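Just below is one structure, and these are the notes that go with it.
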């Protein structure tokens, strides 16, 4: 959730413009609220309300509702466009927020203009246009599955076509509404300022967002009522709206959530006005008079202003004084202290009162207000940060939790710039991380050396180790540099970083410079003790957890603390603060911490307090301490700065008023010649009988003679005593100090000198102490002398000056040379890098060539398939032949009906329709000429090569183009002249022998045969074109494969040369590792021991070290590269194989059979008409109306029986094509059923499908023609009806087959495109996601090895060492 809060914080970050209030801002605020009021009022009425005078006042309400953008869109009939725009608008906001979230996740900066734009968009969507957007989205939900043609909510006729999106659209609209509501909640949570900046009349800050969230929720529910109830249950809708508006109205008045009284009045006015206007509409509806509603609304606007003013003023007057509301809810308390929060009158006392309220109610708003008050008014950002970090921002209460998150973010930013304690805490965090990485790096570095010296080193493991080593090395360099820039005087950073440069990076110059800048230990001056958490040389630091779950746990500390208390560095990690406190204080210390955290009014716990800590042996160690609290990561922590006073020649104990000793320093008992070293739990009177603690005044020096014996020898000495007290809040600690050193007593006169270390000789002996005890004392004192911190920062190690000198001298050892690269090494590195870079370029070019080649192939295939798959010319030519034969058949049928007085099988209307279709087909024939002009058979369209016959008293043969002959056909049949057939048929004339001759003998004669041959020829051309396409496709594919093979061969040959260069580089590294192994091992061991407190840590050396050094490194780099590159070429081979033998083969095969299928259906359709014609002629060949009798001198139809047999044979031959399994793949399940199984036709012969139906028609034709009898007319009539039905069915099935086959081929092409696109994207992804990173990593590896060669010492004469 933090990432989401961070995203919204980025959009609505600390908006200073919200605090710049002026008259313009006030006007804009009022206008905005009036717009929202108008948008709410628009929901109270409907354009056709069934009440009197509504039409009279409708214009007024329309004018009032102009801010409702949905109403304006409906008025201009663009509501559907507005709906789609709002959908896009909401998802654009979602996309923008997602983009910001991604940028934040990857720690990228977000452009300010983008955040400003997002803020504007969200403000428009969630406030200014919230109601119109909600309404239009709800309309989308309502009408997605509706059958209504127009929206019923608006007066103008707005169609619902673009809003009928189905069930999926309904879900989509609901999802968009959910997003709008979520955006609205987040907007209300994020867009306001909770800080009490000033008590101005136009201050738009507010204490909470709950009233606004409730108000927005009411708006949303009222939008639902308006959309779904306004037209059906108008009265119930108004009542519910009134009740809903009453909720925010009451809440606005009670809460007074705005800091400005004027803004509270404006918000209350809007809510109350909405409630009563809805009530007035209900009254007008009940009274059936729109005038009542108008009058009540206008009058109420005037009365409502003083009413709202009085309500708000009355609520303000009812605010109780602070003393009476401390234990009430914070919302009530805040109203009472609002003025004091802004003015700061009570200062820290107000924090105390708010603390008491928080203990009672534990409300987050309380802590937020305290945090801002501490920062803005008290100027204590640390206290504010502590307050806000003590509470969590997790949970479902988004409105409050976001403000907690925002407060943490703001105060953390302020503290990073202003708070020294926060900077110190961040120092601990960062340095702890750096030190952990430093320790891990040392172990990793040694592991690399061991792996490199293995007899059979694993290359992948080595590369992984080198990458980790260099990354950790870069991180440490960057981190140490950053820390040194932020804390330039930190001795520990300088020591760690300087030794890191000397011992690891081998940068002598910078390392020695940093080491030389480490300040030596010196006595702490008098004024340094007052520097709170500043660093001095021997100061100890301790960070204690304030989290209730880990209260008192030690989080961070420095080496000084470990030295001071006599612990090893790691031993302190798992301890609690109670381990360092005297038992009587540790017992209740957690309770004191909790109480302090609950009631804190300052971030400083205590300052310059005399304290004592328990060391590892149980003795007390004297110190001064400072403690501050700092918040971080949902908790607060205590940062303690401890100044040891270990060089003073005095001893002390913790004592109560009765003389009971709670604890004492290590040599306290020796001052009384006691044989016991540890006298905790004894009374002081046991050693000083005359001493009465109650009678001793504080800060008064007393003396007393102490007697005893040393080694059975009587002795006495004079000791000096002083009683001191230390106060921490309400707790008092009493110290009894004793000494026998008069020079020490001289410093007891003033408080500053008492706790000062200046001019104190740490080697000062105590003469009266035993020799053994004296030496132990000196040892203990000197052990605590460490030189870590200067005035600025802390340290974590205890490296002595002698050790630092050893580090420097070791760098200048005569047997150790500085790391450098020879010219051969430089050439090897350059060659290796160049080879890898060229391999990267060649691989990219190979992929680009493959992609370009396949794009060219796809474009070519798509273009050719688009042409071949259309078959427009073939279809149009077939339709033309069918129309010509059908017209001839109709004309002959009409002719016979006139001449021999039989019923006609067709009528004039059929002829007219067919002529109309023929005209269209003729036009298409010429328009589509270019699409098949490549075919030699296309010449029939424009060239006069088709013979045709005309009858003008004698038969004449002429030549013309198909287009010309078709035009003559149309002229002979359809022109409105008396000599042409159509007119004469209508006039019952029969003198049209010339026209009849032209139509019959050209439709079923040589002209028709040329058309039939053109159909077959065009199909053959299409097949040849498909074969040519396949050949070209194969050629292009072979070209791509050839280029790919050349690229692979080049890469293979090129990579084979890389082994020499890379192995030379690795061998150089191997030699350097062998030479520098012993030295590096010593350095790492020393670093882990002295800088990481791993005294017992030992680095295991590889076995048979000397033997392994003799073996030369040899890796098969080229083989590794080729294995990886082969993935690309194998995938390319798979692609070309699948493309060639699956997709291209299928496309070629289907394109090959599609013209056959189309031409087969054309043949069966045309030849059926011809069969019908000859069957008809056969039946009437012996009448005077027969063709042979009409034209006795020109009779090419003498042998009708033979013609019928030929037609039957020809039709039978088409069955072979239809039974081809490749042809059947074109057909859908329905088409297969229609053709081969069942067709629900009118006649029984179609029940078994069109395939068998045509066989039946052929049998019928043979039966009629070959029975040698004159059949009854009904037989002929039935046959014609069956042919007509078959023709209609075949036409429908042919169109379906044509569509199915075309779609099937288009699908294959689409699959090829998807397949090719997928592989191209895969190749790009493979290059960008695998090869480019891999090769870049290999190039980087050469750089890493170069860096290692620069830092590994080139040591000689290892055996001598």
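Using the three backbone atoms N, Cα and C, a Cβ is placed for every residue, glycine included.
A TrEMBL annotation is a machine prediction, not a hand-curated record.
Long-range Cβ contacts of the transmembrane segment (26-47) within its own chain (Cβ-Cβ under 8 Å, at least 6 residues beyond either end) map to 58, 61, 64-68, 71, 127-128, 131-132, 135, 153-155, 202, 204, 219, 222-223, 225-226, 230-231, 234, 238, 241, 262-263, 266-267, 269-270, 273-274, 277-278, 281. Per TrEMBL, transmembrane segment is recorded for 26-47 (among others).
TrEMBL lists 82-106 (among others) with the feature transmembrane segment. Packing against the transmembrane segment (82-106) from elsewhere in the chain are residues 3-4, 6-8, 10-11, 69-70, 73, 114-115, 117-118, 121-122, 125, 133, 136-137, 139-140, 162-163, 172-173, 176, 179-180, 183: each is 6 or more residues past its ends and has a CB under 8 Å from a CB in it.
With a threshold of 8 Å between CB atoms, the same-chain residues lying at least 6 positions outside the transmembrane segment (118-143) that come near it are 11-12, 32, 35-36, 39-40, 42-43, 68-71, 73, 79, 82-83, 86-87, 89-90, 92-93, 96-97, 100, 151, 153, 160, 163-165, 169-170, 173-174, 176-177, 180, 183-184, 187-188, 191, 216, 219-220, 223-224, 226-228. Annotation source TrEMBL lists transmembrane segment at 118-143 (among others).
As annotated by TrEMBL, transmembrane segment applies to 163-187 (among others). Long-range contacts of the transmembrane segment (163-187) within the same chain, counting only residues at least 6 positions beyond its ends with a Cβ under 8 Å from a Cβ of the stretch, are 8, 80, 83, 87, 90-91, 93-94, 122-123, 125-127, 130, 133-134, 137-141, 143-146, 151, 213, 216, 220, 398-399, 402.
Proximity of distant same-chain residues to the transmembrane segment (213-230), defined by a Cβ-Cβ separation under 8 Å and at least 6 residues beyond the stretch ends, is recorded for 40, 43, 46, 126, 130-131, 134-135, 138-139, 141-142, 153, 181, 184-185, 188-189, 236-237, 240-241, 244-245, 247-248, 251-252, 267, 271, 399. According to TrEMBL, the feature transmembrane segment maps to 213-230 (among others).
Residues annotated as transmembrane segment in TrEMBL: 236-254 (among others).
With a threshold of 8 Å between CB atoms, the same-chain residues lying at least 6 positions outside the transmembrane segment (266-285) that come near it are 29-30, 33, 36-37, 40-41, 44-45, 49, 51, 211, 215, 234-235, 238-239, 241-242, 245-246, 248-249, 252-253, 258, 291-294, 296-297, 300-301, 304-305, 307-308, 311-312. Sequence annotations record features per position, and here TrEMBL assigns transmembrane segment to 266-285 (among others).
Positions annotated as transmembrane segment by TrEMBL: 291-312 (among others).
The feature domain 'TmcB/TmcC TPR repeats' is assigned by TrEMBL to 434-525. Summarising model confidence by region, the domain 'TmcB/TmcC TPR repeats' (434-525) averages a pLDDT of 82.
Away from its own ends, the transmembrane segment (841-860) comes close to residues 1032-1033, 1036-1037, 1039-1040, 1043-1044, 1047-1048, 1050-1051, 1054, 1125, 1128, 1132, 1135, 1312-1313, 1316, 1319-1320, 1323-1324, 1326-1327, 1331-1332, 1335 of its chain (Cβ-Cβ under 8 Å, at least six residues beyond either end). According to TrEMBL, the feature transmembrane segment maps to 841-860 (among others).
As annotated by TrEMBL, transmembrane segment applies to 1035-1062 (among others). Residues 828, 831-832, 835-836, 838-839, 842-843, 845-846, 849-850, 853-854, 856-857, 860, 1115-1118, 1121-1122, 1125, 1129, 1132, 1136, 1139-1140, 1144 of the same chain lie 6 or more positions beyond the ends of the transmembrane segment (1035-1062) yet place their CB under 8 Å from a CB of it.
Sequence annotations record features per position, and here TrEMBL assigns transmembrane segment to 1121-1143 (among others). A Cβ distance under 8 Å defines the sequence-distant neighbours of the transmembrane segment (1121-1143), meaning residues of its chain 6+ beyond its ends; these are 839, 843, 846-847, 850, 854, 1034, 1037, 1040-1041, 1044, 1048, 1051-1052, 1055, 1058, 1308, 1311-1312, 1315-1316, 1319, 1322-1323, 1326-1327, 1330-1331, 1334.
According to TrEMBL, the transmembrane segment annotation covers 1312-1334 (among others).
With DSSP classes pooled into helix, strand and coil, the tally for the domain 'TmcB/TmcC TPR repeats' (434-525) is 71 helix, 0 strand, 21 coil.
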